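Novice: Structure in structure tokens, see below.
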Amino acid sequence: MKFFIFTCLLAVALAKNTMEHVSSSEESIISQETYKQEKNMAINPSKENLCSTFCKEVVRNANEEEYSIGSSSEESAEVATEEVKITVDDKHYQKALNEINQFYQKFPQYLQYLYQGPIVLNPWDQVKRNAVPITPTLNREQLSTSEENSKKTVDMESTEVFTKKTKLTEEEKNRLNFLKKISQRYQKFALPQYLKTVYQHQKAMKPWIQPKTKVIPYVRYL
């Protein structure tokens, strides 16, 4: 009985060894075959592998071209937007320059207005300028006719004054003498002239403050 068990164990052990040897030999054979196939593929590639690699390269190049086209279109769009922004900024800048030019064109008028203002408020600071009359050019005939006409008018006025003087009565002479005396008295009394000059000075300094006064005539009865 013991011998039978011992023989069975030996048979099992031998069988395991043979199985392991066979499996290891099969694995080595498979690995050698795969290595040979890979080497053959590397040396002599097949048509299918060539097509697959070529197609992959074509697809990759197409994708790169599409990406480059898309990036270029985006860049062109950005450049267009920047140009539009620049043109809008230029328009605003030109408007500002036009407004500044208009202001400087109107500025001399403003200075002229300011210069005229103090002249109105301070009339005594005005510079006395000699007015040069513009003499028109006349012919000799026109000058002779104008001289004759002036002489005739002077003669007529002198004759009219002489006739008026001859027609004056004694009452009118007395009135004239009385008026002359009154005028001489007012000329000696200088206070009204001073008041008149002061009022004119205030009126020139403050032309907007002009009180409305009612003039009451003063009549002196004799």
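Note that Cβ sites are derived from N, Cα and C of the backbone, with glycine treated the same way.
Since we're looking at a predicted model, the values are computed, not measured.
Annotated phosphoserine per Swiss-Prot: Ser23, Ser24, Ser25, Ser28, Ser46, Ser71, Ser72, Ser73, Ser76, Ser146, Ser150, Ser158 (among others), in sequence order. Residues or ranges marked as signal peptide by Swiss-Prot on the basis of experimental evidence: 1-15.
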Novice: Would you count the other CB atoms within 10 A of the CB of Ser28 (phosphoserine), including those on all shown protein chains?
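Specialist: Its Cβ has 10 other Cβ atoms within 10 Å.
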Novice: May I ask you to report the DSSP-based helix, strand or coil state of Ser28 (phosphoserine)?
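Specialist: The residue in question, Ser28 (phosphoserine), is helix (DSSP, three-state).
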